[in-house]
Amino acid sequence: MTSALTLYLAAPRGFCAGVDRAIKIVEMALSKWGAPVYVRHEIVHNKYVVDDLRAKGAVFVEELEDCPDDRPVIFSAHGVPKAVPAEAARREMIYVDATCPLVSKVHIEAARHSENGLQMIMIGHAGHPETVGTMGQLPDGEVLLVETVEDVAHVQVRDPERLAFVTQTTLSVDDTAEIVAALQARFPSIVGPHKEDICYATTNRQEAVKAIAPRADALLVVGAPNSSNSKRLVEVARRAGCDYAQLVQRAADIDWRALEGVHSVGITAGASAPEVLIDEVVDAFRTRFDVTVETVETAEENVEFKVPRVLRQPA
Ligand code: 0CN
Ligand code: SF4
């Protein structure tokens with residue numbers, strides 16, 4: 001006899017408007033210009049998405065120098081340092097920027113504060129492409145990076161009265177609030193966004209996890225190990241009281257032995273994880289348990305971003 005199991009499906013989960021747009025950009029570029037179309041960095045942090053686009057003719061590289069001059073190149077959703085489009089223009093390449101508009105907004109803010117004579121502090125994860133891209137809107141060394149409350153105590157600024165901050169869009173809402181509070185305590189005149197620059201999708205997915213985690217025996221986040229927003233969902237689940245929270249890329253990653261005896265499992269997905277993979281995970285549970293699915297909705301999303309005009313025009 002199969003045992004009963006309730007699956008709490010988080011809503012919202014999975015694709016956000018920026019990811020949806022970035023994937024469309026690659027697909028539309030392939031139909032406009034034919035293969036190969038080069039993509040600098042994984043368009044979004046998901047192997048399934050990348051493999052699918054590769055099969056359609058996209059070529060993924062890490063650096064612009066790995067692209068030929070005579071093929072189009074697309075910059076990933078995470079954004080790029082200013083030097084990247086500048087170099088593409090110098091080489092007279094066709095390039096399309098798939099940076100999420102919510103990341104571009106942060107780029108513009110950082111540049112604006114700097115023009116106003118404020119030194120920039122970025123709250124983000126060292127080495128993450130979005131942080132590299134945002135810091136790269138200003139000359140090397142201009143933006144100071146803080147990753148933790150601890151870092152705030154040690155950061156060396158030019159003038160404590162003339163500072164501004166921006167953040168990565170995919171951070172933990174709660175951790176970031178603490179870092180912002182530490183910055184404001186040490187530098188009372190620091191200028192910044194109303195709260196931080198975390199995007200609606202990151203915020204909503206964390207909220208949904210908070211609603212599910214306390215009542216689930218286990219929680220699975222469908223997402224990739226290099227996906228910042230997905231990893232944050234695992235942390236949020238554990239902190240909200242779900243001791244067994246794991247990231248899985250696909251159903252094959254599920255550790256069924258660890259789930260023996262559970263009665264309820266929460267399921268969510270990072271902003272770069274396609275719904276087919278969530279379906280795959282739910283189906284895997286159906287083959288092993290007598291499953292009841294309950295959707296737990298904490299917000300409604302209706303954000304959509306247009307693709308760049310060059311792709312809306314015929315070739
Ligand atoms: O997983 P992603 O591709 O990126 P991070 O969460 O690592 O930043 O999701 C899309 C988010 C963006 C930009
Ligand atoms: Fe844009 Fe947020 Fe999605 Fe990143 S997670 S692509 S910032 S909407």
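The backbone N, Cα and C atoms fix where each Cβ goes, glycine too.
TrEMBL labels come from automatic prediction, so no person has curated them.
Lifted from TrEMBL, the feature list:
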ACT_SITE  Glu130  active site, proton donor
BINDING   Cys16, Cys100, Cys199  [4Fe-4S] cluster binding site
BINDING   His45, His78, His128, Ser227, Ser228, Asn229, Ser272  dimethylallyl diphosphate binding site
BINDING   His45, His78, His128, Thr169, Ser227, Ser228, Asn229, Ser272  (2E)-4-hydroxy-3-methylbut-2-enyl diphosphate binding site
BINDING   His45, His78, His128, Ser227, Ser228, Asn229, Ser272  isopentenyl diphosphate binding site
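Annotation note: the residue listed as 'active site, proton donor' sits in a helical segment as assigned by DSSP. Rounded to a whole number, the distance between the Cα atoms of Cys16 ([4Fe-4S] cluster binding site) and Thr169 ((2E)-4-hydroxy-3-methylbut-2-enyl diphosphate binding site) is 12 Å. Taking the mean position of the Cβ atoms of Cys16, Cys100, Cys199 as the [4Fe-4S] cluster site, the remaining same-chain residues with a Cβ inside 8 Å of that point are Ala17, Gly18, Val19, Ala77, Leu102, Val103, Thr169, Thr170, Tyr200, Ala201, Thr202, Ala271, Val303. Around Glu130 (active site, proton donor), a 10 Å sphere centred on its CB holds 26 further CB atoms from the protein chains shown. Only Thr169, of the recorded positions Glu130, Thr169, Ser272, place a Cβ under 6 Å from an atom of ligand 2. Ser228 (dimethylallyl diphosphate binding site) falls within a helix when secondary structure is assigned with DSSP. Each of the binding-site residues Thr169, Ser227, Ser228, Asn229, Ser272 was scored by the number of other CB atoms within 10 Å of its CB, and the largest score is that of Ser272. Sequence-distant neighbours of Cys199 ([4Fe-4S] cluster binding site) (same chain, six or more apart, CB under 8 Å from its CB) are Cys16, Gly18, Cys100, Leu102, Thr169, Thr170, listed in sequence order.
Taking Cβ-Cβ distances under 8 Å and a sequence gap of 6 or more within the same chain, the neighbours of His78 (dimethylallyl diphosphate binding site) are His41, Thr99, Cys100, Val103, His128, Pro129, Glu130, Gly133.
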